[in-house]
Amino acid sequence: MLRAESLTLRQGSQVISRSLSLDFARGGITALVGPNGAGKTTLLRALQGGHRPSGGRITLDGLALTDAGRRRWQARIGYMPQESRASDGVTVLEAVLLGRAGTLAFHLPDAELRAAATLLQEFGLLELAGRSLATLSGGQRQLVFFAQCLAREPEVMLLDEPVSALDLRHQQTLMRALRRLTDARQLISVVVLHDLNLAARYADRIAVLAEGRLRAIGPPREALSAPLLSEIYGVTVRVLRDADNMPLVQSLV
Amino acid sequence: MSGAIAAAMAAHRRRERRRLGMLGAVALALALSLVLDLASGPALLPPVEVLRSLLGDPAADETVSIILWSLRLPMALMALTVGVALGVSGATVQTLLDNPLASPYTLGLAAAAGFGAALALQQGGWGLPPVLAVPGAAFLFTSLACAVVLGVGRLRGMAANTVVLAGIALLFLFHSLQSLMQFRATPEVGQQIVFWLLGSLDRATWQNLGITAAVTAVSLPLLMRHCWALTALRLGEARARALGLPVAALRLGAVLLVSLMTATAIAFVGTIGFIGLVAPHLARLCIGEDQRFLLPMSGLMGALMLSSASVLSKVILPGALVPVGVVTAVLGVPFFFWLILARRLPG
């Protein structure tokens, strides 16, 4: 169980979140949704150990995140930030290998190479293995970075807008893979999404954040309510039901 | 295991072998350049005699052996050592500061060394022999610059921009102070300062070569320990942090090692420009960003550039020795333009 208790998060002197409490269970996907500036990325960075909260605490299976234990904490986490910069001289296979940069020895054993290549195959990217990362499309690069996260064999997956540059098919590929791995490996998965329908389809729970406050949390059917979404996004929102009785969010301009 | 996975793995191994092959080819070119460097000079020595003397052949010409062992070998080996130090330092600094235009000199180290040397020359070495006072003061002020850059950087979590800005501020400060020293110096001392600033391998001795080689030999493996983390930094600081890499600690430790290598090298040979800037780019063209290969290749490229410049400095004007720092700059600038225009520099 990953737990945030009474977190206060600041950026400089600005308070992003105050007294934020949330927990994330193993084998579950939680989608963080909310308007821009709601504090989703800062929360994710705090959970990863890259942003020090100014109040409250974060625990994983009862063990608190501390300065001294930060490296060990981060070794258990696969974090995919929004930034997806490419470098000319790094190949796709090397980019996936770099997921384990903290533990790789000078000589690269076959097992490491095989694991990285297998991940690429899983996402249909194996034929690009020797290509420079810079020659890939934004969407392909995002999939490579997702594979890089998985190469870390994490217990917790923290993904910040992982499908923002992906076409519809690749969005489904990535989210299905996340669902499958979360179930199979009992991962704790937290994913920031702007596509509320994608969140409703793949997440077990949705946490709605606005102005640093948790406005709703629960199964998609409960968390995605039209009045709340209309209020926080500032547009008129209608929530319909699809054939599986899942919420289908439409904004009415 | 599927055939496609085996093929991808085999292709990666081939890439690694090709990179090793390129390292070998540059090492070979370097060996050739070393022999030419030893053979060239006011007295042109036959390369075969040079090789015989190097290999300890008892039948080797005695005059050749004396010129070689007491004069040319320390200079030629100093060119290799300083080239390695500047090449590796340049590659590391470009990665750490995420800046293709960075070099060890961006940290203000060369300017600090220049001021230290100028001060020692202007003050007459404070009673010490110039051979000790000048490199000593250059090293001292380079270390001071390094301490200030690291101190200011640490206040801001070793952010790349802070380190660059601190380095540039020091560069301007020490340049101004150095100009003041030149302004106040007598014409003779002013000339000595200019000569030091141009950079020259003439000052190489077995002792200072030993010190430079030892510092480089210790620093290089320490940097190589972080080769994967440095490669990850090429994907941006945010991603390196996302991978749980201790970026600030890495930057602190690596800048310290780079400063130590650069300070030692320039204390003995003066400020030799462009090696630390251009050699890493050349290496990157051949090898890519995998720092397991890039760091050694940058070192070899730096050594090859400085060794070749040393040869050229002796043959470019018959009967005259052009300071090697001038040769590296004159050759480095058009070469750098080519790199820029060929759009090979990472943005």
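Cβ atoms here come from the backbone N, Cα and C positions, even for glycine.
Nobody curates TrEMBL annotations by hand; they come from automatic prediction.
Per TrEMBL, the features are as follows:
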TRANSMEM  B:63-89  transmembrane segment
TRANSMEM  B:101-121  transmembrane segment
TRANSMEM  B:133-152  transmembrane segment
TRANSMEM  B:159-177  transmembrane segment
TRANSMEM  B:204-223  transmembrane segment
TRANSMEM  B:266-286  transmembrane segment
TRANSMEM  B:293-313  transmembrane segment
TRANSMEM  B:319-341  transmembrane segment
Selection from B:133-152, B:159-177, B:266-286, the stretch that has most Cβ pairs under 8 A to the transmembrane segment (B:204-223):
B:266-286
Closest-packing stretch to the transmembrane segment (B:133-152), where packing means Cβ pairs under 8 Å, from B:63-89, B:159-177, B:266-286, B:293-313:
B:159-177
Please tell me whether the transmembrane segment (B:159-177) and the transmembrane segment (B:266-286) touch - that is, whether there are at least 3 C-beta pairs under 8 Å between them, with each pair 6 or more apart in sequence.
no
With Cβ-Cβ distances below 8 Å as the criterion, list the same-chain residues six or more beyond the ends of the transmembrane segment (B:319-341) that contact it, or say none.
42, 79, 195, 197-202, 269-275, 277-278, 281, 305-306, 309-310, 312-313
